[in-house]
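What follows is a set of notes on a single structure, which appears directly below.
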Amino acid sequence: MAGPQQQPPYLHLAELTASQFLEIWKHFDADGNGYIEGKELENFFQELEKARKGSGMMSKSDNFGEKMKEFMQKYDKNSDGKIEMAELAQILPTEENFLLCFRQHVGSSAEFMEAWRKYDTDRSGYIEANELKGFLSDLLKKANRPYDEPKLQEYTQTILRMFDLNGDGKLGLSEMSRLLPVQENFLLKFQGMKLTSEEFNAIFTFYDKDGSGYIDENELDALLKDLYEKNKKEMNIQQLTTYRKSVMSLAEAGKLYRKDLEIVLCSEPPV
């Protein structure tokens, strides 16, 4: 049995498989909060520097603080002082690089919601393992990337392990949305405004005046504005248009049904 001193290096500049990428992530994201930050980030950066020196890649500056600042400016895309898993995927070369593959083909939040609508076939608010497999298969075909059944199974299991935070074998919309680029992830904007089922039912009933069970685009506009005002958050016209377009991707023929909007706005998807 290998002792502590015999552990393999966690960071190197060779090509990585999806599983190896996940191992590196989990090693540095010690508290499992979905980010590398603080001491975790320092440890990650020190390992990265060692790997670069070992492969002959040298930084311009010898000062650790300056190097770290330069590194963060390059890779911390949303400037929050943390590195997210998807940001890390751009730093570490991976053989499959499925996260970048995903982003290439589902680049906007509206496209993401359309894809979600297609694969959440039972409208449960989750994509389960078998639905996720179809999702990834489609993406790989679009990218013209050859794969076999075992490889597809590995991708599916790896993404489940990455994003299935509660380990129930399925991914909720907010979990899956972490695959989106940060600037496109409109669902992050709703994180602090998640509603209970009772709160959601009250606000939906208010805007669904005729009790039809759905609202249209204009009613959604008013509902989103109302939600933002109640939470004392600012939203400009451009943001409103983007959010509305993304949410309306779940609609059928311009009709946004209660269950679909509940997936976006509720703290727990409908059961």
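Keep in mind that glycine also has a Cβ here, set from the backbone N, Cα and C atoms.
Just so it is clear, the model here is predicted, and its values are computed rather than measured.
Annotated Ca(2+) 1 binding site per Swiss-Prot: Asp29, Asp31, Asn33, Tyr35, Glu40, in sequence order, evidence recorded as sequence analysis. Of all Cβ atoms in the shown protein chains, 11 besides its own fall within 10 Å of the Cβ of Asp31 (Ca(2+) 1 binding site).
When DSSP labels each residue, the domain 'EF-hand 5' (195-230) comes out as 25 helix, 3 strand, 8 coil, counted as helix, strand and coil in that order. Residues or ranges marked as domain 'EF-hand 5' by Swiss-Prot: 195-230.
Sequence-distant neighbours of Tyr214 (phosphotyrosine) (same chain, six or more apart, CB under 8 Å from its CB) are Asp208, Ala251, Lys255, Leu256, Tyr257, Arg258, listed in sequence order. Annotation source Swiss-Prot lists phosphotyrosine at Tyr214, citing similarity to another entry.
If one looks beyond the domain 'EF-hand 6' (235-270) by at least 6 residues along the same chain, the residues whose Cβ comes under 8 Å of a Cβ in the stretch are 108-114, 116-117, 120, 123-126, 172-173, 186-187, 189-190, 193-197, 200, 204, 208, 213-217, 220-221, 224-225, 227-228. Under the heading domain 'EF-hand 6', Swiss-Prot lists 235-270.
Broken down by DSSP into helix, strand and coil, the domain 'EF-hand 6' (235-270) contains 20 helix, 5 strand, 11 coil.
For the Ca(2+) 1 site, the Cβ centre of Asp29, Asp31, Asn33, Tyr35, Glu40 serves as reference, and the other residues of the chain with Cβ at most 8 Å from it are Phe28, Ala30, Gly32, Gly34, Ile36, Glu37. In sequence order, Tyr35, Ile36, Glu40, Met85 make up the list of same-chain residues 6 or more apart from Asp29 (Ca(2+) 1 binding site) whose Cβ falls under 8 Å from its Cβ.
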